[in-house]
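Below: one structure, written as structure tokens.
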């Protein structure tokens, strides 16, 4: 990789030598997540979530493939086959609860991963490409999760599909033909269910592909770290294995305790009761809400209640909802502060925590009924969301006076860096 | 350049959403935050229901499930189907093979006449699922004043507060309270509907199914079949129908969590040991 001191793979036995000559797969693994990848020595537990997200993806694919063996994507029997999995398939209930809660926990760790990136400005040069690919992964995850939620063909599946595909109907002129084309009909039915199943099976593998690019791009500059100071010497780094494999192993254990606690003791807590009612096109639920991980963006979608001059309210909401995620693509160029870590950016740090609160408020309001005063709160929270990324961040990054940075990662960990620091005071 | 464009875009969205906010605030200031309705004021959340299956250590009480099944069979099944439950599942309630066969045979299920090939009915087998009381939804609607009685298999998972909702709803029938008619003179319970304070819009199509104590005759050694007792028992039964694997799930959970906890503790010590050599020594750090 890019560090001259990165250890090189040395095959130790004949089989590995043979493999290394013909297909250097062990070498690839060694360099990617083995002792051949030097990582900053000061990573905190906030750096565990990438590995956890990878674990979630693998777990979702495995449980999902098993579920697909027993599920039938047909509007007549989809709900019944889901119950068949819950009742008659050996350990089917475990597979389904693990898959449904696995989606939620995938989003939990990815949101933490993203907010880690916000705080430590992980998106800044030279890591822009990692960030851009990360946002692509997030968008793909949203599409996959949305289509997966439709498959059990409960009331929220059906009405969620109707509302979300209805968003495309807001596009001027071509909106309605696009909506009909996407659904394969005028309302969600067998055609929609079939294509959603097909795409829900496909997209996780597309995600896996982009994850490989994400990790590849990460290995060019190497991992960021809590000080935001770049690696200077070998003393600043530790090999990924065994140091971070051990740390991630412990992190994975803690994650599993939370995740399995949910699966075995509160498996329906994050779901909606209406999805245990079979889809009925003639009966609209009182409140249509998506899964919790979409709530902030759903709150933004619903915040636009009246037309803005010639732009219809619905179109405005759709534009804002997509813009709320697309704005993340521009972060590397909106935040021009030369300092990465929020620890050394006093003003930025305040606004970061306001953003966290704002996001939490949007979470709450996205799940609340579309009634006053919730709608007014969500309008204020939406306004702050856009102002934060597009106005506050660029301004703060140019007027802020950052605190002094440590000379090196080693100095921040040990208190001094005798090997490389220029003649220090002591 | 990109930042200038960004600031303009940000202001555009902020102004547009504040435009909506201003409108909403103006409406709220001039017209208030929506009127109180009878549904908002008099609807009540279900009362807590203490079932043996509640809590992480909860288990099903077979005798109670059998009583609940009896209530379902003698009362609910007249209108409500239970389509995801098979007669063979009754083994989990403590019935033996002969009893299950007899239970199945006491229901008529759709079949085909082997002589003529015409649609007919036949006594149920253990492998059959509970049959619907109506041939189709049109018949169900026609027989019930246009309200289709929902399937009960998943009802405790398909409603907030599950079993508590079922119990409260079954015991929540009354005349509309006097305060309600005073406060909302326009509120009526149309003919064919019934007032129930636990139903979201207060008027439910289902007539009170459990009206009399002793409506179902329980066998020797069981509690008195009061309306409350019958409602509790059928709520317990429907908790089981919604998730027959409930108890197994929790028992598996304890074993799995115990194992993962042990593995996590080991992983913690492994991590400590691996990192011991490169962790900064506290004493050395203090000296610097």
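Glycine is treated like the rest: Cβ placed from N, Cα and C.
Listed ranges B:233-251, B:252-270; the one TrEMBL annotates as transmembrane segment is B:252-270. Neighbouring residues of the recorded heme c site, listed in sequence order and excluding B:76, B:79, B:80, B:206, comprise B:75, B:77, B:78, B:149, B:152, B:209 (Cβ within 8 Å of the Cβ centroid). Counting only same-chain residues 6+ beyond the ends of the transmembrane segment (B:252-270), those with a CB under 8 A from a CB of the stretch are 56. The most densely surrounded of the binding-site residues B:76, B:79, B:206 is B:76 (count of other Cβ atoms within 10 A of its Cβ). Secondary structure of the domain 'Cytochrome c' (B:63-170) per DSSP (helix as H, G, I; strand as E, B; remaining residues coil): 47 helix, 12 strand, 49 coil. Using a 10 Å Cβ-Cβ cutoff, residue B:80 (heme c binding site) registers 23 neighbours. Take B:76, B:79, B:80, B:206, the residues named in the record as contacts for heme c: the widest Cα to Cα gap among them comes to 11 Å.
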